[in-house]
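To start, the structure under review is shown below, and the notes come after it.
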Amino acid sequence: MDETLRKRLESARLYLCTDARADRGDLAEFLDAALAGGVDIVQLRDKTLDARDELAALEVVREACDRHGALLAVNDRADIAHAVNADVLHLGQRDLPVRYARAILGDRPLIGRSTNAAELSAAADREEGVDYFCIGPVWATPTKPGRPAAGLDEVARVAALHPQRPWFAIGGINEDNLDQVLAAGARRAVVVRAITEAEDPRAAAAELKRRLVAAAAA
């Protein structure tokens with residue numbers, strides 16, 4: 001395991017998931033703004049892309065992350081993560097098993113897991129080859145249609161487990177409800193629309209990051 005990546009993960013607070021913004025054509029500019037605001041990890045998550053277009057978009061994300069010292073995450077695809085030398089591969093509960101992802105990627109990249117219940121979070125915290133996990137969706141969100149909300153109680157249950165690995169709350173989190181997530185015990189968050197739909201992505205990211213850092217230091 002790359003210890004530098006592990007340390008960067010441990011210090012990360014704000015994780016952004018974005019699509020390729022093909023309808024706006026501003027992916028590079030958007031990423032520069034969000035990363036300047038304090039985003040630590042960027043995951044490209046765009047189910048509309050074929051592999052070639054995803055690789056092209058990831059080149060843009062890679063360059064932006066390198067400019068700002070952020071981690072690049074790939075969703076689901078170990079082969080694509082390998083192709084772009086991603087820092088992070090994020091796997092859902094029904095995606096490629098971790099042992100197979102490690103066989104493709106080796107030890108360097110970080111691997112994350114999605115969970116929607118404290119019991120699954122506890123299992124991910126113990127799973128060999130996993131470096132972090134997410135719990136959610138905290139609130140129902142259009143980015144996960146049909147997925148029932150785990151709720152703040154589930155975030156609190158995970159926090160009470162005192163996981164050994166870094167973990168993030170995810171799902172419907174924004175400036176208006178972040179304080180509830182922090183009160184439940186989370187100290188890291190994954191956001192989508194809170195930044196992707198913001199009029200000022202840099203300012204939105206900066207405010208979220210400020211509150212996450214303050215909570216972690218308290």
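Each Cβ is built from the backbone N, Cα and C atoms, and glycine gets one as well.
Annotated 4-amino-2-methyl-5-(diphosphooxymethyl)pyrimidine binding site per Swiss-Prot: GLN43, LEU44, ARG45, ASP46, LYS47, ASN75, SER114, LYS144, in sequence order. Neighbour list (ASP46 (4-amino-2-methyl-5-(diphosphooxymethyl)pyrimidine binding site), Cβ cut-off 8 Å, at least 6 residues apart, same chain): ASP19, ALA20, GLU54, ALA57.
The 10 Å shell around the Cβ of ASP76 (Mg(2+) binding site) contains 17 further Cβ atoms across the protein chains shown. Under the three-state DSSP scheme, ASP76 (Mg(2+) binding site) falls in the coil class. Annotated Mg(2+) binding site per Swiss-Prot: ASP76, ASP95, in sequence order.
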Euclidean distance between Cα atoms of ASP76 (Mg(2+) binding site) and LEU44 (4-amino-2-methyl-5-(diphosphooxymethyl)pyrimidine binding site), Å: 10
Nearest-integer angstrom distance between the alpha carbons (Cα) of ASN75 (4-amino-2-methyl-5-(diphosphooxymethyl)pyrimidine binding site) and ASP95 (Mg(2+) binding site): 10
Distance, LYS47 (4-amino-2-methyl-5-(diphosphooxymethyl)pyrimidine binding site) to ASP76 (Mg(2+) binding site) (CA atoms, angstrom): 10
Site of maximum Cβ density within 10 Å, from binding-site residues ARG45, LYS47: ARG45
